[in-house]
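Participant: Got a structure here, written out as structure tokens. Questions coming.
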Amino acid sequence: MPPAGRHRRFWTRRPEGVLLQLILGSALIVATAVMVAPAWWALELMLIRMKPWMARPPHGIKLMATLCLTMLWSMLMVTGAVWIWALALLGLGVFSTLELSIYFALVSFTTLGFGDVLLPVEWRILGALSAANGLLIFGILTAMLVETMRQVRQSQRLVNLRRDQAVD
């Protein structure tokens, strides 16, 4: 406990270390966004090209195929983001092996936080930034998956409605 009248230290570590972690973490978040954005756009273009095929019957199997494609594409984006973080952690010398770097990045990125592998104290802000990045990426990918399935079902319903009106 500090003596009366004395202020506690604002920084428990050197401020340069905190600033460095914030800058590095922000750069890694930007790097994952730069990787995810074109991948998301590519998936969008692919789905636009597939739209006429997806709208034609049989709908069930095509809906499942679209779901599988979107999920696999999403997992590729998550894997790419985890690799970005893992290689950065390895390059910074935070972990001594690639396996440990990947494991920590994956557990942190998915916000599981098992606690069996921890960052050294001087790098712990990076762990929190990795978790925040993972939360954002998973949120974006969830929105993408929901929107993709909504558009496919909407196209399929429109085809069914037109077919039913043509029969009447």
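The backbone N, Cα and C atoms fix where each Cβ goes, and this holds for glycine too.
Below are the features I grabbed from TrEMBL:
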DOMAIN    75-150  domain 'Potassium channel'
TRANSMEM  20-43  transmembrane segment
TRANSMEM  63-88  transmembrane segment
TRANSMEM  100-119  transmembrane segment
TRANSMEM  125-146  transmembrane segment
Participant: Against which stretches of its own chain does the transmembrane segment (20-43) lie, if we need a Cβ under 8 Å and a gap of at least six residues from its ends?
Facilitator: 70, 73, 76-77, 80-81, 84-85, 88, 92, 123, 125-126, 129-130, 132-133, 136-137, 140, 144, 148
Participant: Just give the helix, strand and coil counts over the domain 'Potassium channel' (75-150), going by DSSP.
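Facilitator: In the domain 'Potassium channel' (75-150), the DSSP-based counts are 59 helix, 0 strand, 17 coil.
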